[in-house]
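The next block holds one structure in the form of structure tokens; read it before the comments.
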Amino acid sequence: MKATRDSARAHLFDFAVVSNEQVAEGAWCMVFKSEVAALLAPGEFVEVSVPGDPSQVLRVPLSFSRADAEAGTVRIEYAVVGDGTRRLSLMRPGDTSTLVGPCGHGWRLPGGEGRVLLVAGGIGLPPVLAAAEMLAAAGRTFDAVVGAQRGSKLVGVDVDLLREAASADPASRVVVCTDDGSLGRAGFTTDAMAELLAERSYDAVLTCGPTVMMAGVARLAEGAGIACQASLERMMGCGFGACSCCNVAMRDGTSRSCCMDGPVFNAGEVAW
Ligand SMILES: Cc1cc2nc3c(=O)[nH]c(=O)nc-3n(C[C@H](O)[C@H](O)[C@H](O)COP(=O)(O)OP(=O)(O)OC[C@H]3O[C@@H](n4cnc5c(N)ncnc54)[C@H](O)[C@@H]3O)c2cc1C
Ligand code: FES
């Protein structure tokens with residue numbers, strides 16, 4: 001195991017489910033109580049042990065949209081894609097398990113005082129909402145583009161919270177778009193982003209979503225000369241630097257660990 005100062009940050013915590021409900025097509029929102037709430041920073045993640053199948057020893061890596069240190073609660077949203085997330089969706093209020101966290105490095109507050117652009121795709125929305133609340137707490141202004149394949153897959157409650165975080169700035173824009181045009185603007189997030197870039201200037205872009213989308217966002221940001229942070233996903237074994245299975249190839253030919261060096265990277269350094 002690679003022993004580092006950062007691996008010592010992650011500890012084992014108990015958690016107890018407060019609520020766990022379907023919030024969109026294929027997507028659930030869970031609020032749980034755990035002492036980890038006081039330690040999580042926006043963009044970091046937790047590794048959740050899902051009960052129900054003793055043969056499954058690997059934990060599920062999940063970002064969070066809000067960690068409330070005072071209430072001791074954490075809010076996660078997740079898509080049910082396989083057995084682990086299916087069993088997660090079956091947990092009921094009062095059910096308990098364990099998690100490892102805080103894991104990884106999250107968003108960095110962008111330098112400067114100018115506007116920031118957030119771009120979220122699909123289930124990449126939770127960490128982007130956490131970024132929005134981080135920016136709002138720091139008194140920063142931001143616009144946001146939120147995309148989904150279709151309206152039924154959009155986590156509307158998160159979009160409402162995003163608008164709320166942006167509401168201190170009357171000039172802020174939150175653009176919703178869907179691939180099929182069933183809600184909001186028809187088209188990809190990158191189309192909406194290109195339009196905003198043509199109209200406004202930004203200090204930074206922060207993005208999370210499908211890799212192909214983030215690659216497009218990174219290209220547009222680089223073309224406009226704007227610093228871009230991207231929250232990446234990789235298959236993960238341990239979540240704290242022990243298994244070397246989550247490597248991210250970098251432009252300079254090196255590779256970095258998604259769980260320890262990321263999941264948030266400078267997009268311009270990643271070999272997309
Ligand atoms: C740092 C990080 C944060 C994440 N945050 C969220 C989140 O907030 N909400 C959310 O819905 N999902 C998130 N994910 C993805 C989530 O971890 C996977 O969807 C989950 O592990 C799938 O587990 P499963 O047992 O249900 O599916 P499996 O049966 O293990 O796999 C089902 C499908 O999902 C793919 N998959 C499995 N693990 C991952 C992974 N780590 N990354 C990408 N694809 C995967 C597999 O290739 C397969 O196609 C995050 C992943 C990482 C690395
Ligand atoms: S998941 Fe094990 S090293 Fe990153």
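Note: Cβ is positioned from N, Cα and C throughout, glycine not excepted.
Just so you know, TrEMBL annotations are computer predictions that nobody has curated.
Per TrEMBL, the feature FAD binding site maps to G84, T85. Remark: G84 (FAD binding site) has V50, Q56, L58, V60 as non-local neighbours, by Cβ distance under 8 Å and separation of at least 6 in sequence.
The [2Fe-2S] cluster binding site annotation in TrEMBL covers C238, C243, C246, C259. Of all Cβ atoms in the protein chains displayed, 30 besides its own lie within 10 Å of the Cβ of C259 ([2Fe-2S] cluster binding site).
Helix, strand and coil residue tallies for the domain 'FAD-binding FR-type' (10-109), in that order: 11 helix, 48 strand, 41 coil [DSSP]. Annotated domain 'FAD-binding FR-type' per TrEMBL: 10-109, in sequence order.
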Point to revise | Least Cβ-crowded entry, counting other Cβ within 10 Å, from the binding-site residues listed as C238, C243, C246 | key: C243
Exercise for review: Give me the Cα-Cα distance between C238 ([2Fe-2S] cluster binding site) and T85 (FAD binding site), rounded to a whole Å.
Suggested key: 17
**Study point:** Cα-Cα distance linking T85 (FAD binding site) and C243 ([2Fe-2S] cluster binding site), given in Å to the nearest integer
**Key:** 22
